[in-house]
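A short worksheet on the structure shown next.
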Amino acid sequence: MFTKEVTDSKLYKWFNERLEIQAISDDISSKYVPPHVNIFYCLGGITLTCFIIQFATGFAMTFYYKPTVAEAFTSVQYIMNEVNFGWLIRSIHRWSASMMVLMMILHIFRVYLTGGFKRPRELTWITGVIMATITVSFGVTGYSLPWDQVGYWAVKIVSGVPAAIPVVGDQMVELLRGGASVGQATLTRFYSLHTFVLPWLIAVFMLAHFLMIRKQGISGPL
C-alpha cells in the first residue's frame, strides 16, 4: 500500500513504531475478495458515497438556513439565489438524497437475492434494515425544512399518521408536532432530527455494519 520511499523514511518508521501502520495497511490491502463479486456488490459503497455527499452539502447549508416558520422559506430562497453556488449545493443535496434511497433499495435487493442475510450475518442484515429506516426518516424530516406548501402539508400528514395507533396514538402525534398543531415546535423538532439525531444514529449503525462486514467478509454465492 505504501511505496518503498515512504516506508524507508524516518517519519514513517517513527509513526510505525508507535501505531503499527504497516500492520493496519497489510490488513486493509490483503483482504480476500471472492471471485463471484461483481459490480452489484458496490451498491453499498455507492450508498455510503451518497451519504457523505449529503453530509457535506447539508453541513454547508446550515450556515445559511434559518429553522423558523417565518424565515425558513426565505432562507432557502437566499441559498438558491444569493449564496455563491448555493443553487448547486442544494441541488446536489436533493439529487444525492434520491440517489441514496435508490442505491439503498438496490443494495437491499442484492443482499436478499444473494442470501447475504443468512447465518452468520444476521446482525449485519439487522443493522442494514435499521439504517434503511433511518434513511427514510431523513427524507421525511428533510422534506419539511423549506417550509413551503408541500413541506408543510407533508409534515401535517406524516405527523398525523400515528393517531391511528390505539391508546398512545394521540400522545405520539403531540410529541412529533410539539403541540396540538403543526407549527414552530414541529419545525424545530424535524430540524433537530434531520441535522443532529439521525446523523449520529446512522453513523453508529454504519460503524457497526462495516465492522461486521470487515470481520465476516463478503458472503459467498448462492
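Cβ atoms here come from the backbone N, Cα and C positions, even for glycine.
Swiss-Prot assigns the feature transmembrane segment to residues 123-143, out of the candidate ranges 60-80, 123-143, 144-164.
For the transmembrane segment (123-143), the most Cβ-contacting stretch among 39-59, 97-117, 193-213 is 193-213 (pairs under 8 Å). His209 (heme b 1 binding site) and His93 (heme b 2 binding site) have their C-alpha atoms 24 Å apart, to the nearest angstrom. In this structure, the C-alpha atom of His107 (heme b 1 binding site) lies 8 angstrom from that of Cys42 (heme c binding site).
Around His209 (heme b 1 binding site), a 10 Å sphere centred on its CB holds 21 further CB atoms from the protein chains shown. Counting only residues at least six positions away in the same chain, the Cβ atoms of Phe138, Thr141, Gly142, Leu145 sit under 8 Å from the Cβ of His194 (heme b 2 binding site). Reported as a whole number, the C-alpha separation between Cys42 (heme c binding site) and His93 (heme b 2 binding site) equals 21 Å.
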